[in-house]
Amino acid sequence: MTSPIQSSHANFFIFNNVQLPFSAYHQNTLHIMSNSSEMLSRRIKLANGMAMPQIQLGLYMMSGSETSRAVKWALSAGYRGFDSAQWYHNEREAGQAIRDFIADAKSNTTNLTREDVHFTTKLRENSTSYDVVRKSIKKSVDACGLGYIDLFLLHSPYGGPDARLTSWRAVEDAVRDGEVKMAGVSNFGVDHIEELMASNPRVHPVVNQIEVHPFNTQTAIREVCAKHDIVIEAYAPLARAMRFRNGTIVALARKHGCTPAQLMVRWTIQNGFITLPKSARRDRLVANADVGGFEISQQDMEKMDGLDEGLVTDWDPTDAP
Ligand SMILES: NC(=O)c1ccc[n+]([C@@H]2O[C@H](COP(=O)([O-])OP(=O)(O)OC[C@H]3O[C@@H](n4cnc5c(N)ncnc54)[C@H](OP(=O)(O)O)[C@@H]3O)[C@@H](O)[C@H]2O)c1
């Protein structure tokens, strides 16, 4: 099985403001984490010294009104991270929901501030025009109304080397100017990661957000990211609910007294990934994060790894030229 340790810099997780080594994870973590809000407070440390929530709510395929509702439910349940994109057309509603929640004393019972919530969005298209990308980033900052974006990603490697590296330069300058706190990439394959790192980036890419779940384990991309201290963010961690009836998943879920969705989220957590399960339903988004009460054994992790069939649930730009 793959180790939960991503890299020398990502060897830690933070629980209740205490930084714990990942090596303590199996021995020490489970007994203190027994419900979803405890799991949701866990943060992963990144190569730049900052941290972000390990479980975040994915916002893909949510309408504006679904986003407004789901973000507020999620904040009440303890979620502290949200994954949007220019493409999802819900940056505005996500940001507004976060701001409304923070401002509403009745909902915000734990006195959350803006700094407690992590908001990600992504560049729709790489461009060879630096100015186009800078303006696009500013538009996202304005749309969400949160003052800054915690994590800004290149959504894909499409566009070729010049567009990728020019876009990255614009993101770096947005970090310098305080519009963005951290930067990363998404759907980058091995060659794209090597290309970016060979360009001596001024800002270290903290994550590569890729499709990864037991039905698509992405070992080559995980290895190159580990080599460069880039944490994996798992998208489609539930494989879009397409394999919940798989015999191995059903049997292991039964063994652990959990749902197939919880089993799959737990697999991403034990691999040390940041994970982005999406649900627009309150009951599901609460349950999907309630994964602190069981541990998948190494043998069962290996069984799950063995389910790899290279399943692509949406798109696969990782081998784009
Ligand atoms: N960077 C990229 O290119 C990229 C691509 C895809 C996704 N993403 C990110 O990753 C997030 C997650 O990926 P995803 O949304 O594609 O897939 P996912 O999280 O694997 O699965 C979401 C699907 O599963 C359903 N579902 C959720 N919990 C369930 C449960 N407990 N029981 C039964 N069904 C359940 C959801 O329906 P309901 O909503 O009706 O519950 C939805 O149809 C996205 O929202 C997005 O933020 C990024």
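Yeah, the Cβs are placed from backbone N, Cα and C, and that goes for glycine too.
What TrEMBL annotates here:
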ACT_SITE  TYR88  active site, proton donor
BINDING   HIS155  substrate binding site
DOMAIN    61-308  domain 'NADP-dependent oxidoreductase'
SITE      LYS122  site 'Lowers pKa of active site Tyr'
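The DSSP secondary structure for the residue listed as 'active site, proton donor' is helix. In the structure as shown, the Cβ atom of HIS155 (substrate binding site) sits within 10 Å of 20 other Cβ atoms. In the predicted model, the domain 'NADP-dependent oxidoreductase' (61-308) shows an average pLDDT of 98.
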